[in-house]
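For reference, the structure discussed in these notes is given below.
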Amino acid sequence: MKTRLGLVYGGKSAEHNVSLQTALAVTKALDTEKFDIHPIYITEKGEWVRGPQLTEPVSNVKMLQFEQTGQTFSPAVLNRDMFPGEADAKEDSIDVVFPLLHGPNGEDGTIQGMLELLNVPYVGNGVLASSAGMDKVVMKHLFAQAGLDQAKYVSFLKKTWSQSKEECYAQVEGELGYPCFVKPANLGSSVGISKCRSREELDQAFELAFQYDRKIVVEEGVIGREIELGVLGNDEPVCSVAGEIAPKKDFYDYKAKYEDGDTDLIIPASLTEDEYETMRSMAVKAFQAIDGSGLVRADFFLTNEGRVLINEVNTMPGFTPFSMFPLLWKQSGVEYAELIEKLVALAIERHEEKQQIKHTF
């Protein structure tokens, strides 16, 4: 019997287009002998629109946008058990949901919470891990509690900054110095990130970052290599080989990731056995610190002095075939289609485990 897999993508997020690219790649890779593929598009206005079941790959993202041709529906009908005896609801129901959403409302625990309430199995991290992994400040606090070495940072609220800009800038200069990186606390794909070398650039960077979030984080500039590992699993996570990001630009921004191709991905990264083992151990600890499940990509700095610093974990990493996470697993012996199937299996495993939990006493 085939698995009815709901692909949820798009969303009210600055990473809407990234999500569309991910959905396109996944639809091309899925085996229609194993899965009934049901596309569910969230428009930029936040409307849920369901398209027809996909029986063959689509060629471009426009074919996955159903504002004009799809059927608006309530996500509540994803669970057939909530609508016993209703034929339409049963037809709409899904066995497993794969949220292919990046950024706020998709990667931050929001949709995960909805799916938990509906008791629908879903791929990837749960509410806690997703929200902690989205908020860079909370994430860094958890890493510190877990004893993971990381770069120095400070964080600011927009209200604090608007009332005392000069004091904020002085704190950055006093505690971190230049260069430093300014980032929205709750956004990915390098959206809204700036590298600063002066007070003037710092002011511009704060202005930009606060357009995307009410909270930002400023990190010290680290001189060294950027290394990433993929983590896969639930309670017994395993790691992929390591990969290195070698941007041809000053840093790995949104354009370098998704538009220009001005970045070399070196897989496997050239590391000593001790360096890899340190990163592997830290990646697992970071995964466990946020209570991860399914997948994360763990990002590290390897300084010129040989110090390993964890930068962040991404709970829904870029997932196109040319993204780092799938490429890491391909080099580790897991092809793209198999990776998707493993993630679906992990989602079902976790859901079945949760069903054994008692809710009465």
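Quick reminder: no glycine exception, Cβ is built from N, Cα and C everywhere.
Just so it is clear, the model here is predicted, and its values are computed rather than measured.
Features of the protein shown, as given by Swiss-Prot:
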type	residues	note
BINDING	173-228	ATP binding site
BINDING	D299, E312	Mg(2+) 1 binding site
BINDING	E312, N314	Mg(2+) 2 binding site
DOMAIN	140-345	domain 'ATP-grasp'
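Locations of recorded Swiss-Prot features on the structure.
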residue : record                : contacts (Cβ under 8 Å, 6+ apart)
E173    : ATP binding site      : R199
C180    : ATP binding site      : V172, K195, C196, L202, V218, E219, E220, G221
L187    : ATP binding site      : A14, E15, G103, P104, Y212, D213
S194    : ATP binding site      : F181, V182, E201, Q204, A205, L208, A209
K215    : ATP binding site      : D135, V137, S155, F156, L157, K158, P184, A185, N186
D299    : Mg(2+) 1 binding site : E226, I227, E228, I310, N311, E312, V313, N314
Should L208 (ATP binding site) be counted as helix, strand, or coil on the basis of DSSP?
helix
Which has the fewest other CB atoms in a 10 Å radius around its CB: E201, E312, the listed binding-site residues?
E201
Spatial neighbours, same chain, of V222 (ATP binding site) - Cβ under 8 Å, 6+ residues apart:
A151, F301, T303, L309
Of these binding-site residues, L208, N314, which scores lowest on Cβ atoms within 10 Å?
L208
Can you give the mean pLDDT for the domain 'ATP-grasp' (140-345), rounded to a whole number?
93
